[in-house]
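Novice: Just passing along the structure, written as structure tokens.
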Amino acid sequence: MYVTFNEALDSSFGNLESPNHDFKVGDPNMVPTPPMDSDSAAISLAFLISLSITFAILMLILVVIAAYVTFCGDDESEYDEENALGTRTSGTLHSLFGKKHSGILLDSSFASPGGFDDEIVLQERELEELPKMSAYEVELYIRAKEFQMMSPPMVKDFGTYLDSDDQQFIKDRGIQSYFLLPSINDNIDEYGNFLPSFIVQDKLDIQFSKFNKSSSTVMNYPLPHNRKDAVYFEVKIFRHIQKSNSIFSIGLTTVPYPYFRVPGMAKYSIAYESTGKLRINNPFTASTLLPKLEEGDTVGFGYRYKTGTIFITHNGKKLMDVTQNIGIDLFIGIGAFNAAYTRTYTRDGLLEDPDNVSFREALSEGKDIEVAKDLQRVHDPHDESDEMTSDEVELHVNLGQVGFVFIEANVKKYAFGSVYGQIGIPPAYNGTEIKKDTILQKGEELPPRYADTDNFFGSMKVKEGSSSRITAQTSKPLWSVGTYERISSNFDRENNVYHDSLETDDNNTDNNVNNNDENAGCNENSPLLEDDGNKRPENSNTPREVSDGAINKNPRNKSTKKRQRNRGKSSKKKNRSRK
């Protein structure tokens, strides 16, 4: 075996050294060729293909995640001015990729009041809270409870409240179709005169008057579906003095809602109170979770269709998501009440409020507690001598007819709809089209000239006398008939010659007046025939001036002319006889 192997090795080296080969064993540049594997190319190609497929799948997953976060995630940044703990919305993808909420997310007790349905729990709460209230607060609580027993709230699925006619009207008119309901005739004086608790101006502007004790109003239509992610509205506080005795609430309610109760204090209602309290179906003590509202602030409420979430904004910043899974028709609700009639918001109630830490600290340190004069004690609204006038509050509602303070609502178009609907803008009455009218422009360039006198005929005063005689007295001498004719008639002015200096016969005047009938007297006594310059009598029958060639048909005038002619003839005869 060993010999055979050596022989084979020698023969191999001998073949390498033979002249038939291009290289020799001693050649230093000789590199042995490795054996070629026929499957290596196929293996490398398969590896590259698998690697590209893996990267493609990863890219596809990233694109899907990015698309979901962009279009299905939260639309705006979250703010937390109260330093509250944040939570995440439900759902696997939301938990993994959703944005982290910095606001407070409450349960869905808004749609399911909970404690109100349990009579035992409600009775225990009433026994605890009602003694802390004033008589007027207890009265309002009982009235609201009876009201909702007689008229239960309409808890319908979102978008089912409106009929086809209302939907078409909203499409046609847009935001112009929405308005706040007017005040109920609740407050009257001893004479039966209506004392409105509030006045609605321009459909969406509300002003609570000094007669207000406790009242509220709602919108005529519920929140619409604007084909966007959410719907949003804002309320601007135009008037609310500091240390006011009026407290107002802004929120969402169902209908019918007690008109004498502010939002948030009855079933199926949520409200942002001006004191900073957040009320959800809570007529009792509420927690202060929000900033206090002052004049100039803007409060916003939004509703997300997909998750049924209600969120609140303050001066353009989102505060929190209040509740979720709300799928019913909601109406905008605004109300106000006089805090002087309550114990909760007067001195004693404020000291018992656990959120008023500063009051208790000041009281423990012996410092004076600054409370408004009207809120030092509880007043009785049923006692006329103890009634308090409410401080006026003015609020303006913005449904999208102007820009929102909340920027994201403008970008995402969360308005209630178009401003003018499908009908469009009404005709313009600002004068832009009228200015193009040539005739009207000419009329503006050449305005008509009016007389400086008191009326059309001058400063004329008429005194009534007997039926047969009417006298006229004027501050200025009237024109004669000839002067009047020359002014009034172009034809007479151009073709006739007038003589205004004719003399009158005073003796014939009085006789002629007695002989004429009433009609003749009235015609001859016209103010136009009176000429103070010639000193004519009132009822003078002197002949009128006539043009050249005109014939005077008055017989008296003819007799006068004959006498003048006879006098002329007699004078001529005398002259001849003298000669």
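Cβ atoms here come from the backbone N, Cα and C positions, even for glycine.
Positions annotated as topological domain 'Cytoplasmic' by Swiss-Prot, on the basis of sequence analysis: 1-44. Swiss-Prot lists 45-65 with the feature transmembrane segment, giving sequence analysis as the kind of evidence. Positions annotated as domain 'B30.2/SPRY' by Swiss-Prot: 166-364. Taken from Swiss-Prot, the feature N-linked glycosylation site covers Asn212, Asn356, Asn430, Asn507, Asn557, Asn575, and the record attributes it to sequence analysis. If you look up Swiss-Prot, you'll see Ser358 marked as phosphoserine, on the strength of a large-scale study or a structure entry. Among the features that Swiss-Prot reports, ubiquitin cross-link is placed at Lys367, with the record citing a large-scale study or a structure entry. The region 'Disordered' feature in Swiss-Prot is assigned to 499-579. The compositional bias 'Basic residues' annotation in Swiss-Prot covers 555-579.
Tell me about the surroundings of these features in the structure.
Specialist: In the three-state DSSP scheme, Asn212 (N-linked glycosylation site) falls into the coil class. For Asn212 (N-linked glycosylation site), other Cβ atoms within 10 Å of its Cβ number 26.
Around the Cβ of Asn356 (N-linked glycosylation site), a 10 Å sphere holds 17 further Cβ atoms from the protein chains shown.
Just so you know, the Cβ of Ser358 (phosphoserine) picks up 11 other Cβ atoms within 10 Å once every protein chain is counted. Secondary structure at Ser358 (phosphoserine), taken from DSSP and collapsed to helix, strand or coil, is helix.
Sequence-distant neighbours of Lys367 (ubiquitin cross-link) (same chain, six or more apart, CB under 8 Å from its CB) are absent.
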Novice: Would you mind reading off the Cα separation of Asn212 (N-linked glycosylation site) from Asn356 (N-linked glycosylation site), to the nearest angstrom?
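Specialist: So the alpha carbons of Asn212 (N-linked glycosylation site) and Asn356 (N-linked glycosylation site) sit roughly 26 Å from each other.
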Novice: Compute the average pLDDT of the predicted model within the domain 'B30.2/SPRY' (166-364).
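Specialist: Value for the domain 'B30.2/SPRY' (166-364), mean pLDDT as a whole number: 90.
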